Amino acid sequence: MRLHVADHPLVAHKLTVLRNKETASPTFRLLVDELVTLLAYEATREVATEPHTISTPVAETIGTRIADPRPLVVPILRAGLGMLDGMTRLLPTAEVGFLGMQRNEETLEAVTYANRLPDDLTGRQCFLVDPMLATGGTLVAAIDFLLKRGARDVTVVCLLAAPEGLEVLEKAVGDRGDVKVVVAAVDERLDENAYIIPGLGDAGDRLYGVVD
Ligand code: URA
């Protein structure tokens, strides 16, 4: 597994505003969108391309285009939805699949409650988006899901990661597949409720409000 932390002053500035508890949902959503666009630039560095011949007004030239099969962007419901537009803005030809995952409070294992993905992902480059890599349980299950269906590689795009979650991911994924994690920052630790410290709170609630 490879880790890339986006080290850029714009990312650091926007992340600080995002973390601030005084930042209200409309601004929070806007900042997530902007941050994801910056992260998507890094995350797509190895997207598969092929030569493409075109004519400019003055000459023929061989350029580049994104190759088939098209990349697949997979937001993990619900908070991952807040990152979808930022990803597809840079990858407008990507297909979008959905994964709904929830922790079973008894077994503490991630359970898939919704899945809208092709059964066969052979050769597909997949971009999993979820704002918070906390314990890593959900992302391990999601990566497993994609690799078992034949994904060529998986790039996980998160706003924040906890060192504990990265370690869990590293152990679970090992060299089973080509997995890359792109984050805006790696925070200090998890608290006793598995919240990232200092973090930004509950990403889903801050994006969409608290739903009882
Ligand atoms: N999920 C969140 O939304 N926030 C955290 O800090 C951890 C998991």
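In case you wondered, yes, glycine gets a Cβ from its N, Cα and C as well.
Remember, it's a predicted structure, so these values are computed and weren't measured experimentally.
As recorded in TrEMBL:
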DOMAIN    5-209  domain 'Phosphoribosyltransferase'
BINDING   R78, R103, D130, P131, M132, L133, A134, T135, G136, G137, T138, D202  5-phospho-alpha-D-ribose 1-diphosphate binding site
BINDING   I196, G201, D202, A203  uracil binding site
Ask   = ligand 1: which of the binding-site residues R78, M132, G136, T138, D202, A203 have a Cβ closer than 6 angstroms to it?
value = M132, D202, A203
Ask   = List, in sequence order, the same-chain residues at least six positions removed whose CB sits under 8 Å from that of G136 (5-phospho-alpha-D-ribose 1-diphosphate binding site)?
value = E164, G165, L166, E167, V168, L169, A172
Same-chain residues at least 6 apart in sequence whose Cβ lies under 8 Å from M132 (5-phospho-alpha-D-ribose 1-diphosphate binding site) = A79, C158, L159, L160, A161, I196, G199, A203
Inquiry  = Same chain, not part of I196, G201, D202, A203: whose C-beta falls within 8 angstroms of the C-beta centre of the uracil site? Give them in sequence order.
reply    = P131, M132, Y195, G199, L200, G204, D205, R206
Task = Within 10 Å of each Cβ, count the other Cβ atoms, then let me know which of the binding-site residues D130, D202 comes out lowest.
result = D202
Task = Write down the Cα-Cα distance for D202 (uracil binding site) and D130 (5-phospho-alpha-D-ribose 1-diphosphate binding site), rounded and given in Å.
result = 12
